[in-house]
2 protein chains.
Amino acid sequence: MPAPAKFTEFVDANADKFIQRLADAVAIPSVSGEPNHRQDVVKMAQWLDGQLKSLGVTTKLVDLGKHVMDGEELQLPPAILGRIGDDPKKKTILIYGHFDVQPAYKSDGWDTEPFKLVVDQKTGRLIGRGSTDDKGPILGWLNVLEAHKALGLELPVNLRFCFEGMEESGSEGLDDLIRSETQKGKEGWFAGVDCVCISDNYWLNDRTPCLTYGLRGLTYFKVTVSGPARDLHSGMFGRAVHEPMTDLIALMSKLVTPDGKILVPGVDEMVAPADEEEKKLYSSLDYSIADVEDAVGGKIAISEDKATVLMGRMRNPSLSLHGIEGAFYGAGAKTVIPAKVSGKFSIRLVPPQTPEKVNPLVHKYLESEFAKLNSKNKLEVECLHDGKPWVADFKHWNYEAAIKATQAVYKKQPDLTREGGSIPVTLTFAESLGVNVLLLPMGRGDDGAHSTNEKLDRSNFIEGSKLLGTYLYEAAAIAK
Amino acid sequence: MPAPAKFTEFVDANADKFIQRLADAVAIPSVSGEPNHRQDVVKMAQWLDGQLKSLGVTTKLVDLGKHVMDGEELQLPPAILGRIGDDPKKKTILIYGHFDVQPAYKSDGWDTEPFKLVVDQKTGRLIGRGSTDDKGPILGWLNVLEAHKALGLELPVNLRFCFEGMEESGSEGLDDLIRSETQKGKEGWFAGVDCVCISDNYWLNDRTPCLTYGLRGLTYFKVTVSGPARDLHSGMFGRAVHEPMTDLIALMSKLVTPDGKILVPGVDEMVAPADEEEKKLYSSLDYSIADVEDAVGGKIAISEDKATVLMGRMRNPSLSLHGIEGAFYGAGAKTVIPAKVSGKFSIRLVPPQTPEKVNPLVHKYLESEFAKLNSKNKLEVECLHDGKPWVADFKHWNYEAAIKATQAVYKKQPDLTREGGSIPVTLTFAESLGVNVLLLPMGRGDDGAHSTNEKLDRSNFIEGSKLLGTYLYEAAAIAK
Ligand SMILES: [Zn+2]
Ligand SMILES: [Zn+2]
Ligand SMILES: [Zn+2]
Ligand SMILES: [Zn+2]
């Protein structure tokens, strides 16, 4: 059962209005990882709550309590629970999204102001922080709701919504909320949910839609080396004291090789190597080394072998060094010996890895490597947040509906993929609700989520809104 | 010939007024290394020029032209040349100082606002950026001039002044000015100069004044690794591409060991090891490992051997890693793969090392280590600025005068030391003018120049002002 033609026509006819709403959402700098933007995340929750209410959704802002960030106790932004439709004859689909975004500064290298949506008429790009991650997809659902309300159409399924404002900072408070709502059974907001749909990842390339049935997990570390009570002048104290930066850089250099091998003993080894048959799966995807290099804008693929590159992204763990807190980071030449420096790195995990298994290996390795340095400085290793990897059954009707919807809207067969990123809540939904979870991406592989000049193509926003609506009709029509 | 009693009495009587003038100077955030503060450096030059004029000094603001910083063309702040006295029967002493300061943010860990001088009544500390480096010492000279003007006293020597506003950023433009003035001979501002006095370093400890006859040089490097066209999401591209941070950290880890040995081949080897006799010189200084550890606020001395620690600071080269530009530096957990990262490090040089001899070794080594990484990323190595080391003859009358002045004011024999920091202009004066240069510090070893909570003790400011004046009388009295 495809969606009614007047639904898709309405989406086309209202495209400019929908883009203006996306501009309104992008304009709220809802950066969850920076305390000074916490109120903007709250503002974003209120804005989204207002939109949902005006489209007929019953909502509840849930207080998730407090947490500590950078030594400061902060109120968590509220989660939004929503419901529309209670027909016991219909399927009930739970939609998840996040309305917080990554930090962004023009000085990071953006060509435009990050929190002002720029519509590039020539390329059709909608450029701004959150355009594709994850405000665009959330607004796709608002577009579906608005079309049905305006046209007086009944929704083909009951919908439940769960939107959060802390995804980019470890989804603090959300797991507890999901578990407590699930435990309420029939009284809970997730009662009767048949499946979950999440739009928070991307196509592999810029031409073929995909459905995603696997995600890597993540464990994020902060390694702090401290020694002097204050920053020192390198002329006065260079070669007289143990310098924290020297120790930290030595430790960070022992985590991963330039070709991606993880040096923490036991971490890579936890994952069985792919056999020839599995390698073939990756060789046959509509995604090439040239696609990877186009997406990143440089000829820097880690191997000449397609399967190696794609498995590096999808089915192998990875370790990335993100930066250093506390050291000199500006332009120019400052001759300081920083007193306390914290290296940040993360490991993407794949089954059967879990944070529980990997974290102790990281702690032990860093402590033993630090001991070898014979430094009088102090080491502290913290895991800032973590989440398990996830793999779903892609033969479920939830995936079947999404495949049919993709064929209807894009006239193409979607790629079925595992993805390198982490959306820890996916696993919480799968485990707590015990239902199938589908990742149905809206954006393209070159959107630049978490990066400078993040964008969502106009066509992905508009066709993607049609895809979400059509998926509901296909899910409604299919036998459970 | 000690200074007249009414001079030292005047300094004591006007201490609070002098401290207020220091507060006025600290309030101007004359950070030369940050383009947005360039106008404040100019403002500081104008303020100082006004002070000098009001105290009877003939001055000239010298336009030093333009330079490029962070890709931006900027006007250099003017240098100030000054002269007072033209008696051919008197000696002529040239005074140097710098009125620019290091960057400072409260968020770096300052207990007070960096650009507001805080007078701690309990400890007698005058806390603020530039208090000791180098506004306090410059104002010491203003105090001397003011005392003589107010008391109607004739200065015992002719004075020449050369004050600059780019010392913390490589003294751009100053070498050219000094050389061109020197070449003018009798027509130049430095005609007839018999010796130079610079107050821009510190006592070894917090109890014994010192004179300094040697300084390390400096060569400052920026090592850039770039690859992707933009920052990447580590979930999407981790282990699929060569990451610039991985390469940069690997390179930075190959520069220096945790106990200070420089790994660039040929650099440490250029300096002959100290023999037992030389080691004894360092063992006998009034400075201990406990002093070093008190000054830095941590038990992190690089050795248990006093001579090793002091030679590390004074007569051996050192390499410090300062930080990384372009990587994630904030608090919290950002999962970015930075597109382009620049490591900053510097090497302190001692005779016979020179930038000309050391820089090619650094370039060659980094390029060869990078080649070993087999990365497809790009490497760029730049030297941002450099300066040769310097050693003076401490048996010259210029030093004799300073020793006598120290005995008169502090009732103590000063330590004669070499120092770890770099003041490249020292060497330019020595080479261009061909006269003896004396470093006569005002502040203490724990002042925290270039660090958080920089301070100058009230007693060092006041007794130091007396020391500068007394030195002029002793220099006048001594036979050339
Ligand atoms: Zn997201
Ligand atoms: Zn994200
Ligand atoms: Zn200085
Ligand atoms: Zn300085």
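Here the Cβ of each residue, glycine as well, is placed from N, Cα and C on the backbone.
TrEMBL does not curate its annotations; it predicts them automatically.
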Matching residue for the substrate site, where TrEMBL names A:Asp200, A:Thr335, A:Arg348, A:Ser422, A:His450 - out of A:His233, A:His242, A:His363, A:His396: A:His233
Candidate from A:Asp120, A:Asp133, A:Asp206, A:Asp415 that TrEMBL assigns to the same Mn(2+) 1 site as A:Glu168, A:His450: A:Asp133
Which of A:His67, A:His98 belongs with A:Asp133, A:Asp200 in the Mn(2+) 2 site listed by TrEMBL: A:His98
Cα proximity to A:Glu168 (Mn(2+) 1 binding site), best match among binding-site residues A:Thr335, A:Arg348, A:Ser422: A:Ser422
List of the recorded positions A:His98, A:Asp100, A:Glu167, A:Arg348 facing chain B, defined by a Cβ pair under 8 Å: A:Arg348
Which same-chain residues, if any, lie at least 6 apart from A:His450 (Mn(2+) 1 binding site) yet have Cβ under 8 Å of it: A:Gln102, A:Asp133
Segment confidence, the domain 'Peptidase M20 dimerisation' (A:213-371), expressed as mean pLDDT: 95
Candidates near ligand 1 among the binding-site residues A:Glu168, A:His233, A:Ser422, judged by a Cβ under 6 angstroms: none
Rounded Cα separation (Å) that holds between A:His98 (Mn(2+) 2 binding site) and A:Arg348 (substrate binding site): 20
Least buried by Cβ count (within 10 Å) of the binding-site residues A:Thr335, A:Ser422: A:Thr335
Pairwise Cα distance maximum in Å, substrate-binding residues per record: A:Asp200, A:His233, A:Thr335, A:Arg348, A:Ser422, A:His450: 46
